[in-house]
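Chemist: Quick one: the structure is below, and I'll ask about it shortly.
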Amino acid sequence: MEPEDKTPDNRYGEPQKYDPTFKGPIHNRGCTDIVCCILFIVAIIGYFIVGIVAWSHGDPRKVIYPTDSRGQFCGQAGTELEKTPFLFYFNIMKCASPLVLLEFQCPTTQICVEKCPDKFMTLLKAYANPSEMDYYKKFCKPEFAGMTKLSAPEVLRDGYCPAMLIPSRPFTRRCFPALRAKKGVITVDNHTTFDDGMGERRNVTDLLEGAKKANVVLEARQVAMKIFEDYTVSWHWILLGLVIATVISLIFVVLLRFLAGIMVWVMIVLVLLVLGYGIFHCYMEYAALKQTPGADVSIRELGLLTDFTVYLQLRQTWLAFMIILCIIEVVIILLLIFLRKRIVIAIALIKEASRAVGHVMCSLIYPLLTFALLALVIAYWAITAVFLSTSNEPVYKVFPNNTNNESSCIYSRKTCDPQTFNTTNMTKACPDAKCLFAFYGGETYYHKYLIFFQFYNVFLFFWCANFVTALGQVTLAGAFASFYWAFKKPDDMPAFPIFTSLGRALRYHTGSLAFGSLILSIVQVIRVLLEYLDHKLKGHQNKFTKFLLCCLKCCFWCLEKFIKFLNRNAYIMIAIYGKNFCTSARNAFFLLMRNIVRVAVLNKVTEFLLFLGKLLIVGSVGILSFFFFSGRIKPIEDTAPTLNYYWVPILTVVIGSYFIAHGFFSVYGMCVDTLFLCFLEDLERNDGSQERPYFMPDTLLKALKKKNEAKPSE
């Protein structure tokens, strides 16, 4: 075997020198990036403290159950509100504020009532008619019972009663305006306008906007309840679908071990056939709806609906699906045509990866640990986010009866407790003052810095999730590197490659993994902030601002992809040589740049083939679940469960199948990347004249050398 031309490109560092004693991952190594390790541990401790504080202040029941302005639950058994199960808003129009989405509360006074109002009425008119006032009092604060001597303006000023009542209906135990649409006109009790109690006529559409915002969380809850019902009747079928996806993935991986070349070509043909059938099915559905009334309505005209099955009754939906599948089919065919010669080389590398996986079978189980850790991180983040969002408390402040006397009352606008207000010095200094509800929030240090805690929760979520992913990558890289550099396989390999590599990573390189994860997390948080900024500025930005935000989002997306690529290869170098993150990242980048032609020829082609494998498994299981849950398999039509949304189990099975297939193929992907980087090192370390010049099998070596083109000159 003739040595390869190895003229180094000095712009990207010097190649590794031949070392006859080098046999894979170095055992004699020390701890790396200790400062970042300590920082990560401190951050984790802080994360636990934030969680504990949030759990002690938050109450998730506020998201589900109606609470009045004092934080009491309406209709709760054993309390004074047991007989008042419905929540009444003093001014539903204030619910149009975005605060309702951020704090799960409308910025208006809310009380628990026995039943919702059923007629129009204003406080001024009720004062003029004692019989109507008895009805109106049911929708005032309890303390108003002893304030009968106050005039109507004074009652409104002190916030004891609402300025108006609107005919309402209870929905999820909340009183919402009884809005109706007649021939496109919105009315309440056959009225298009109403008296707002302040002497002005308002349009009913003002109520509609407030009701929409107040109802957005409630509609989501209703959809969630229906989805939960679907899960309760279909969970065993979903589990069966995921088991089928697991079995198919496992069989596929086992067949790759022995029939890699045949399986890759079979996979390519099957992917094209599955996509072709998808195109045919979409066309048949599109043609079948041609004579159906209402099927020609556009998706834009229909708007956003919670029942997604309605969209499947539109021809435009199936036309869109068919066009998307056609584009995917054409793109894949063109890629296969242009990459047909490189696919042969990629198959050779996949064969070697199959041998490596066969010697390290535990690697197929390891993604379960990564998945479990990621599930734990996601659960902790979600629970903490809910508790933080429900940490706001009702704040009461001192309000003098006469606004002209505010300057003379030293406690004016100060925080107070309505339960103990009458026993404090405040009543002596301000005899006519009242302790009234001001807003939801809090004035402790915890509440003042609540937004910081929310940000910290998001940032640590990204950092921990990226750390778990990095740990999985470096563990697999260490195991597969020990396979590559072993002279005699498996005699020269550790007895338990996965556990050996995992222990080595945790003992020596926690800091390096935390460092790489931190860099990636910072970029991801910046992307989240840009998306948030774009959402907040929608409708208020000029063309330049839109262009600038679009450029920033695009640049940071590209930066995130590059950092992920660099981190992945840096972790491989860390697993092999045990150096710190920056050194490993630099060495990996320079190694790839010195062999840029091979990287372009082989690496991405292999990723493409593995992606086709995932696409085949997900597509097959997805089509099977679609026909089953939609009741289109005649022999077992009666077996399919009755569902509110049959897309719920289908989507769950498809997403679950993707993660299962991704778990198996991510092992192959990491194996291919590790073997590829090791092979590049091998070519630079050896000149072909040594007793055992190359660790890579001759078949792959010949294929790569045959395809290797001249390297770029300096």
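Numbering starts at 1 and runs along the chain as displayed.
Every residue, even glycine, has its Cβ placed from backbone N, Cα and C.
Feature table excerpt (TrEMBL):
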- 34-55: transmembrane segment (TRANSMEM)
- 235-255: transmembrane segment (TRANSMEM)
- 262-280: transmembrane segment (TRANSMEM)
- 318-339: transmembrane segment (TRANSMEM)
- 360-383: transmembrane segment (TRANSMEM)
- 460-487: transmembrane segment (TRANSMEM)
- 508-530: transmembrane segment (TRANSMEM)
- 608-631: transmembrane segment (TRANSMEM)
- 643-665: transmembrane segment (TRANSMEM)
Chemist: Mind checking which residues of the chain, 6+ beyond the ends of the transmembrane segment (608-631), have their Cβ under 8 Å from one of its Cβ atoms?
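Modeler: Residues packing against the transmembrane segment (608-631) from afar: 234, 237, 241, 244-245, 248-249, 252, 264, 267-268, 270-271, 274-275, 277-278, 332, 335, 339, 343, 346-347, 350, 637, 640-641, 643, 646, 649-650, 653-654, 657-658, 660-662, 665, 668-669, 672.
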Chemist: Need a quick answer: max count of Cβ pairs under 8 Å to the transmembrane segment (235-255), which of 262-280, 318-339, 460-487, 643-665 is it?
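Modeler: Top-ranked stretch among 262-280, 318-339, 460-487, 643-665: 643-665.
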Chemist: Mind checking which residues of the chain, 6+ beyond the ends of the transmembrane segment (508-530), have their Cβ under 8 Å from one of its Cβ atoms?
Modeler: 29-40, 458-459, 462-463, 466-467, 469-471, 474, 549, 552-553, 556-557, 559-560, 563-564, 567, 570-571, 574, 578, 580-582, 584-585
Chemist: Which residues, given as numbers and ranges, are at least 6 beyond the ends of the transmembrane segment (360-383) yet have a Cβ under 8 Å from it?
Modeler: 51, 55, 250, 253, 457-458, 460-461, 464-465, 468-469, 471-472, 475-476, 479-480, 483, 496-499, 659, 663-664, 666-667, 671
Chemist: Who are the chain neighbours of the transmembrane segment (460-487) in space, where the CB to CB distance is under 8 Å and they lie at least 6 residues beyond its ends?
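Modeler: Sequence-distant neighbours of the transmembrane segment (460-487): 22-25, 40, 43-44, 46-47, 356, 359-360, 362-363, 366-367, 369-370, 373-374, 377-378, 381, 493-494, 497-498, 500-502, 504-506, 509, 513-514, 516-518, 520-521, 524-525, 567-568, 571-572, 574-576, 667, 670-671, 673-675, 678-679, 682, 692, 695-696.
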